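Okay, so here's the structure we're looking at.
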2 protein chains.
Amino acid sequence: MEIIKSPTGKEITCKSWQQEGLLRLLLNCLDPDIAKAPEELVAYGGRGKVARDIESLKAIVNALMNLENDETLLIQSGKPVGVFRTFEYAPRVIMAGALLVPHWSNWEYFHKLEERGLTAFGQSTAGSWAYIGTQGILQGTWETFGQVAKRHFGGTLKGKMVLTSGLGEMGSAQPLAITANGGVAIVADVDRAIVKKRLISSMIDIMADSLGEALEMAGEYIAKGEPVSIGLCGNAADVYGYFVSHKITPDVVTDQTPAHDLESYIPSGLSPREAHLLAEEEPERYEKMVMETIRRHVRAMVELKNMGAVVFDYGNNLREQGRKAGIEDAFCFPGFASEYIRPLFCEGRGPFRWVALSGDPEDIYKTDEVILSLFKGDTRLHDWLNFVERRFMFHGLPARVCWLNYKERSVFGKIINEMVTSGKLKAPIAITRDHMDAAAVASPFRETEAMKDGSDAIADWPVLNALLNCSSGATLVGIYQGGGVGIGYSIHSGVTVIADGTEQAQKRLDHVLKADPALGVIRYADAGYETAREIIKDPDFPAKVVS
Amino acid sequence: MEIIKSPTGKEITCKSWQQEGLLRLLLNCLDPDIAKAPEELVAYGGRGKVARDIESLKAIVNALMNLENDETLLIQSGKPVGVFRTFEYAPRVIMAGALLVPHWSNWEYFHKLEERGLTAFGQSTAGSWAYIGTQGILQGTWETFGQVAKRHFGGTLKGKMVLTSGLGEMGSAQPLAITANGGVAIVADVDRAIVKKRLISSMIDIMADSLGEALEMAGEYIAKGEPVSIGLCGNAADVYGYFVSHKITPDVVTDQTPAHDLESYIPSGLSPREAHLLAEEEPERYEKMVMETIRRHVRAMVELKNMGAVVFDYGNNLREQGRKAGIEDAFCFPGFASEYIRPLFCEGRGPFRWVALSGDPEDIYKTDEVILSLFKGDTRLHDWLNFVERRFMFHGLPARVCWLNYKERSVFGKIINEMVTSGKLKAPIAITRDHMDAAAVASPFRETEAMKDGSDAIADWPVLNALLNCSSGATLVGIYQGGGVGIGYSIHSGVTVIADGTEQAQKRLDHVLKADPALGVIRYADAGYETAREIIKDPDFPAKVVS
Ligand SMILES: NC(=O)c1ccc[n+]([C@@H]2O[C@H](COP(=O)([O-])OP(=O)(O)OC[C@H]3O[C@@H](n4cnc5c(N)ncnc54)[C@H](O)[C@@H]3O)[C@@H](O)[C@H]2O)c1
Ligand SMILES: NC(=O)c1ccc[n+]([C@@H]2O[C@H](COP(=O)([O-])OP(=O)(O)OC[C@H]3O[C@@H](n4cnc5c(N)ncnc54)[C@H](O)[C@@H]3O)[C@@H](O)[C@H]2O)c1
């Protein structure tokens, strides 16, 4: 496969910017600068694919290029299946991904169907063509550690030791996010090559040769009160076990190994390469080793919690796997979402993001200025932009992530669209979000864990969310299964609107950017959360609450 | 609760017929003439509810009456949760019902959430306000026996003996459907009172005192070549066993005892009343008796198949229960859906239906005439209308069910809408369908059993179907779980369009009535079915197939 990059600039090959915007986002997901394995069509997240296979990818590109302004393209788990005549304001693309009838919703059955070419796993933003590289995850991670600091340490991680692991595509946001919040990070990854790669790309500051060295350096920085991130080659189970046996209590402990997918989680004692060999040759023995490692890994986290550390599951289904491996009290530590993200969701605040289809970083810097002047009082927003502009280079199409709330999104969207109209921006902007948003996800081990009213597993909301966005003028809408936690454990929806400067786009943006987060506020109000209940009383709240 | 009936006539209380039509359908589902238990908001199908509770019902009615022509009302498992500003062509109501994250998708968990008031089970058409009484079931049953006749007996059951059992709510459509196809039916039900009731309401023609008498009468009618339905009080296991031991081979054997729910299935040797007593007093002994009866019941069906009868499972999960009771070759006979309904789905032919919002039967008779003149060559359609007009009285709002294919639906919809415009019909017509349609359902133990490519459990299709209908101008769209086979076992989508005679409705109808069944044809073509593959090659096929 040749190298894929999104087209940039003002010339388009599709019949309007609505389609062109989606085409650029799709191709951008396969840009080697941001995609994990573009040759396998994998954008990120283990095996999150943007299309079923190469033929499907080609057929999608072709269909988008020929799609009329009143047609809609249907994508079934990464494969285009039809183009239908719809309405001008209807989505140009609708998707359903990795959905199985519930009784059959498990990895084993999924893999069988995948082998037959009948489905594909899209994770969240890979399947919906809204992956923009690690900045999205960086912001989410920064936001989480910011909340940890706020809740437990008076607003900063200064002088605090955070132990975590996994330097994968998402995990590697941790060291940056921890140091941006003032802390000292020790991050273990079993893959030496990955640790080196993160050092070279400045995602970590230092690579330690041993755990002893890492602890020594960490101590120095803690003493100085300065932030630093230390990468270390090691298996999480061994590293965390070492802390327990040596009675060292970090301030915060979490983890981003790919525990949601046991085929990617590396058992103790093996290098990644050895692990893959063994998995092929002796799958049963391999599985046993994985479960034993998970058991030790989770056991150590439970003990670190008992020793006094702030411990949380960082959305990789680790506790459930630990429970299966025999740790009965695996759920004694909370998930990050219910603990740190829920208060944000109650305000409809979530991982809003936008992409400069021009390819020009200047377009993003101009939008940064708008944000800064628009939301002057929001110091977290200022801190974030400050940090990310300084520390983060654009990869693929320039993009920005900011957690905006239910009011801010449409205000901002309107200005962006006007800037496209007036030519202040060189080309249209794609406005999208992660699937991990207030109304967009049902995931009882993550985003909807421990809901006040027990509605963790109710999956009506993400489905209503997609139907609503579909009715509101989104350019792309989809419903998916399994993002973050694997097949069987979540249902979520994605949405994108192209701000192309037209009046039509202005209407699409106005409806979607209000409805999408407002439904989130309603969902949390319905579940009994006070902040959300207050917000829906606001006479300017953009939906009528009728229950 | 006061008695609910749908308003009729030309006056409306909503802001347009789009909303009014939905309101009337909703209230019609609770008409005591068609609803099973209106005081509990149950329309049919065990516990299929139209709204979460009385407060929700009132709030829905109120919201519909106030809904603007560019707003959309969201219903979460029977509870209204918000009204959003959308577009004129967007649906007026979108719904998600009984959906749970797959890992939690089972009855036990569902009931817990239901008790907390967090969800409701809508079956199929109860939840989407499209239930119209038993005509739908009658047509489905008639269609099935018609297919049996076509496949095995040159198009008629004349001179054929059909053995079946169960004269319950759905099962009692069997004798009518069998005689309407020219056959001789022997139908056993263990409940003498039920058999009598069916005789009084003319659902069966004769009640026999013994199996011997039933066989004698059957012989006479077969000799004359005349249809008749003979009801008989007896347990299916005993009756079917008698045929085996006496070496009598019926032409067709099936069954609609409630085998899906072992608490309702009556063991041999007990009357229903004795059975209920025993079940309470000695549940374990009772369960053993049930399993032993199921074993004999299924064993006899397997043997009748070996003796040369056409045997099929009629959607009551009997084979799976037989397998559990120890019959290893229980699955040697097929399910009705894969055997007799699939060929229809391959042509996008499915349970299309429409409702006269005027309340006037004349409106339906006029549409019957249109159908008859429009599809002159279709003798099945003529036979059906002939039969149903003669044998079936309207209950609630007058309605009609016809299985139309992907081409016929939009042609018919256009004419209906024009008849509303011109005043030939007294008021608008609601056009809808069952959820058991080509693109609308994934249900591996029924509609999508034994798909050619193994895609039985892929649930992307019903979800795409709903998103597509949402984009195409449907008035109501929803996605649901569990219809027919229970929580965990199916995902399905419903749709309704109100033909109110306006140009707007014409566009809505044209898009939806083409797209909805066309996606079904694409789904079966994708799975490798030849008929469907041929159809999508038609230059007039209403969608572009792009894969
Ligand atoms: N919190 C969030 O917002 C969030 C978001 C998305 C994903 N996640 C979850 O985080 C996890 C990691 O995601 P990713 O994209 O970084 O995965 P990835 O596959 O890109 O990387 C995983 C890394 O973990 C390392 N690893 C594997 N087993 C290990 C072990 N036993 N000990 C130490 N290191 C090990 C691998 O070498 C690899 O570098 C996933 O489970 C994902 O679902 C969290
Ligand atoms: N094919 C379809 O389209 C379709 C549609 C819906 C339901 N079904 C299935 O058909 C079955 C029947 O549905 P229903 O609504 O008529 O049920 P129901 O509960 O209303 O009636 C069942 C009848 O079976 C009788 N019965 C119970 N055990 C018996 C036995 N051992 N022998 C003889 N009679 C016995 C009962 O007396 C009762 O009259 C269910 O399993 C249902 O799921 C099929």
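Placement of Cβ uses the backbone N, Cα and C atoms for every residue, glycine included.
Residues B:GLY45, B:GLY46, B:GLN123, B:ASN235, B:ALA236, B:TYR265, B:ILE266, B:TYR314, B:GLY484 are given by TrEMBL as NAD(+) binders; from B:ASP189, B:ASP360, B:ASP526, that same site also lists B:ASP189. The Cβ of B:TYR314 (NAD(+) binding site) has 22 neighbouring Cβ atoms from other residues within 10 Å, across all protein chains displayed. Each residue contributes its Cα atom, and for B:GLY45 (NAD(+) binding site) and B:CYS402 (active site) these two points are 21 Å apart. Confidence annotation: the domain 'Urocanase Rossmann-like' (B:133-340) carries a mean pLDDT of 95 in the model. Each residue contributes its Cα atom, and for B:TYR265 (NAD(+) binding site) and B:CYS402 (active site) these two points are 32 Å apart. On its own chain, B:GLN123 (NAD(+) binding site) has B:ALA43, B:TYR44, B:GLY45, B:GLY46, B:ARG47, B:GLY48, B:GLY482, B:GLY483, B:GLY484 as residues at least 6 apart in sequence with a Cβ closer than 8 Å to its own Cβ. In the domain 'Urocanase N-terminal' (B:4-129), the DSSP tally of helix, strand and coil residues is 40 helix, 25 strand, 61 coil. B:TYR314 (NAD(+) binding site) and B:CYS402 (active site) are 20 Å apart (CA-CA, integer value).
In this structure, none of the recorded positions from B:GLY45, B:GLN123, B:CYS402 has a C-beta falling under 6 Å of any atom of ligand 2. Taking the Cβ of B:GLY45 (NAD(+) binding site) as centre and 10 Å as the limit, one finds 21 other Cβ atoms among all the protein chains shown.
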